[in-house]
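**Student:** Sharing a structure here in structure tokens format.
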């Protein structure tokens, strides 16, 4: 292996830059040439590919976003698109790929590898933490801390006015962010897609809570089956039916995708990036480099995409017990 | 003067606790007894009033929210409500009042003073900065910095995906927060209630900008006459009519009300709180203690409520020039 | 088991309050009475012990420090001291103990348990992360992020002036903090007690680095065998012997012990606190409740104290490779 | 005027980049060519000067440090050095200069202007806030907030252990940072160069305070006439002479120079940068563009350097009164 390329794809996540840096520097350390593809698979197709050097990644480890930009590519879903991409890589002599992203990114990478055989390793870059084969994904810790800081601020104002706040966090299919910032934020309830939300119980508990506590925080994952935070608030409000009580909604939105990555995300991103390059050099391919039980581990793209990582059981109990 | 009471009212603002602390300790320093009224005018009516000591305000200077809580009071708008409030204060021998809040708070304080004559001084506690008689209001600096940190995070993800972001900040009647975090956040446009928003110009500029810049940030004050950020985004999107471009909205909401106050807000709150108590001791009343041109100044409630504080002219020019 | 007591001891760590909250609420959830001992073992001896309720721990999950205070106790090292402590607990009917702290705390708890037999479980509360039997200790993640934010700030000024900065972080016997914030901060070198520091190599590398990089960051654990950051800087400065180069030292100090805990520390603290109480109810004793490979695990005090937890091997390689 | 140059000099300050951005974009807006000089006066002498465009300053408004780097220049103190600098500027046709820095920077700029006549305007970039002719200097607000966040963290651990903490902040000749973060941090004492520090009074008060408060924070400006924080702590410790009390010192150091600038600093930097360029276009020279009483004002270099800006009198009273 002599030349590798790296790109980011899908929703951006804090720590992607730290991962790019690790890929570039590990590659150079081992004598490889390294290229950066801008705009993900779209850039691969259009040949938006440039040589990277050690200084290309100076002073980016602490930055949110991705210097290689990201995009969704419809064209790469077609055979013709992938053929163009292959020709671009072939013309540059690229014989190894590191793909930083989530499920969608790995699905594309798997198909492309199986069609054209350029060894490819993924790094788990997504705030959602919903990828099998790694304890945590790059960006998750930062997103949770960003959401938690917002909850801390909202609790100040909730307490000052005795309000009930519904806070919507990211997570279309998974409740990881909601659960961790719910525990950390001392939320009374957390509503996630993985478990059935029992609004009757919530209403009953809120009525009871109000005797001992003046304000309440409810964290809602955007993908909860009862609806988004606005909808759920309206349902609860109607059932509580108390004019003295104020109900408010805050949807945290895209602030969860940005910001300087936390220490944990920078370390994870660095480890995955180094492991991806060294994995390629050791003959690994068609897999993701993650961290499992604290150690680097390679998991086939097939498993990463196909298997699900359940929420910790004791996490849900924690919320129930600690909000009394 | 022997006994004074302090309360917070209206929307809470970071720094209110620092102001309460200053009132309590300055009062004790000068040999006064000091009482805290919980839940604003409602608590005054119901007699929710407790003696405060130096240690009652220990370790609160850095906390958002208000330990005295806040509420809107319909009852205080009635003559009967105010009579009850007066009887409560009279029974405790309260002969001075410090009211921390905004326009609504001062309106109530002015009426109450004119009816019952208990000397009252206000402190400007509101994130909106829309009070005449003080350069800045307590909480404004924190709210702007909170909004700015959110914009910094959003810019990361906006740049990664080449998106146009509409960010809604607080400000129903005033654009102070929008303008300061727009300048600080390097926004392309800021839309505020004080000036007419020219959407045609925005659309034209965005089309031009897109040649040189890949992403754009537009800050919208919630009270802009063209609507909230969702509405404005839809209007602009329709006019730009470009399928390749992604438009996103983030409404920052109540995170702007909470959080640890900044240094500036803690200092301002401390100065206003001390000045309010010392003003009472010096015979001032029916006025607000603010900071004008860097020095403490007392402004009559009538002026605080009746006069408007215009946006700085050079601030609007700054945004136009610096976003090229 | 009917009544348990909880205390914090040793150096304070962010997340201790979240752990106290979890202990108190889990105990109440399971029908136990719970008591808080102030000032650690000293408070146990002097009977500084109070009943705690659910609201006693409201609104503390996000606060640094410990509401139960901490202290070192010489008296508890004596048989007489421990006898007094036992009599205090006996008189209140305490039949279970949760001890939050580090090595020293657990050493005391082990002796006390073996002498008097009150079931005791520990929770790992220390920023140093040097306790066997848990992946991470409560406070470590916060301390690393605090140090990292400081390094990010220092890198700004180091780059502006082309300076070489030696940054000293906490860690008398262990290099965990140094290694993680070294990786996250993009440090050129990290010096830790666990490995021999080769100053000749550092000097050589710094001379080489200076051709490609203008500024450098070196992270020093306070317990490095070559001395503290001041000493090491002087040694390096003499050997580099270049008048054009500025060498600076920053010792981060006690800021690493305080601050709002991160999400990770709050979740870890909550899990350990709940596991400690439920462990007591399930007959566990003389052990610590930690989290190993992501799941709650109980490890005997003997192992926690006696065994060492080595630094991750790939972490040290990361620093070497990624700083090229 | 057709071509202007901009540089930063002296100690770096957060917000310098925002100021550079404002200078560059305002110049371009008005049809000027603009050049950036790297490494301050040294770069002027050696001709380290490059054309800047609008995109040269994209995405820097939020960054600490200075993209133009900074340095002290011995050579510029000589007539020969300044002659070289002039020839460099002349050869490029530079006919206007914006100098961002503090006293030393303006002293050099004044001499250079008087010798060679290239119109020059300064912007006040220094964390110390000790420049006459502007309410605040660029970087001061950020430095104060950084110091304050550190004090907040230290208070957590001080309270947990009942310790007395001496915290040293920057300020060799001025106590602005110490005073503002002392008020904001609820310090018991603040020691600054401008006023005589009465250690006897401090010792007496600390002994009294210890009856009602368990921990204390004392903020020391590095230039206090009684010495740095280490020295003062030792003097106080000896006089208090209480073995039960722990005294600790934290020297915040260079973290105060870095970090993302606050909203206030970004707005101030933007205003000063725009005013400097527009001042040059309007025929101003040999002066600094600052903000006085909220409005842009030009003050001659002679006054900026020669006059002193005293500490606010009520600030010192605040600390005395509010720490009871």
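Each Cβ is built from the backbone N, Cα and C atoms, and glycine gets one as well.
Any TrEMBL annotation is an automated prediction that lacks curation.
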**Student:** With A:72, A:73, A:102, A:103, A:104, A:105 listed by TrEMBL as binding ATP, identify the candidate in A:11, A:15, A:171 belonging to that site.
**Tutor:** A:11
**Student:** List nothing but the largest Cα to Cα distance in Å, as a whole number, among the residues A:126, A:127, A:128, A:163, A:170, A:171, A:172, A:222, A:248, A:254, A:255, A:256, A:257 that the record says bind substrate.
**Tutor:** 33
**Student:** Helix, strand or coil: which one is residue A:72 (ATP binding site) in, per DSSP?
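**Tutor:** The residue in question, residue A:72 (ATP binding site), is coil (DSSP, three-state).
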**Student:** I'd like the number of other C-beta atoms within 10 A of the C-beta of residue A:170 (substrate binding site), please.
**Tutor:** 24
**Student:** Quick check: with A:11, A:72, A:73, A:102, A:103, A:104, A:105 left out, which same-chain residues have Cβ atoms within 8 Å of the centroid of the ATP site Cβ atoms?
**Tutor:** A:9, A:10, A:40, A:101, A:107, A:108
**Student:** Are any of A:25, A:72, A:102 (the binding-site residues) within 10 Å of residue A:128 (substrate binding site) when you go C-alpha to C-alpha, and if so which?
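**Tutor:** Candidates kept after distance check: A:102.
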**Student:** What is the number of other Cβ atoms found within 10 Å of the Cβ of residue A:126 (substrate binding site)?
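**Tutor:** Its Cβ shell of radius 10 Å holds 25 other Cβ atoms.
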**Student:** Looking at the binding-site residues listed here (A:21, A:25, A:188, A:255, A:257), whose Cα lies nearest to that of residue A:102 (ATP binding site)?
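**Tutor:** Its closest listed neighbour, by Cα, is A:257.
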**Student:** What average pLDDT does the predicted model assign to the domain 'Phosphofructokinase' (A:3-279)?
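**Tutor:** It averages 95.
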**Student:** Let me know the most crowded of the binding-site residues, choosing from A:11, A:102 and counting other Cβ atoms within 10 Å.
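**Tutor:** Buried the deepest by this measure is A:102.
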**Student:** By a simple count, how many Cβ atoms lie within 10 Å of the Cβ of residue A:172 (substrate binding site), its own Cβ left out?
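**Tutor:** For residue A:172 (substrate binding site), the count of other Cβ atoms within 10 Å is 11.
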**Student:** In sequence order, which same-chain residues at least six apart have a C-beta under 8 angstroms from residue A:248 (substrate binding site)?
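**Tutor:** Listed in sequence order: A:158, A:163, A:164, A:165, A:166, A:233.
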**Student:** What binding-site residues from A:21, A:25, A:105, A:186, A:215, A:257 have a chain C Cβ less than 8 Å from their own Cβ?
**Tutor:** A:21, A:25, A:186
**Student:** Round to a whole number and give the Cα-to-Cα distance in Å for the pair residue A:255 (substrate binding site) and residue A:73 (ATP binding site).
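**Tutor:** Per the Cα atoms, residue A:255 (substrate binding site) and residue A:73 (ATP binding site) stand 24 Å apart.
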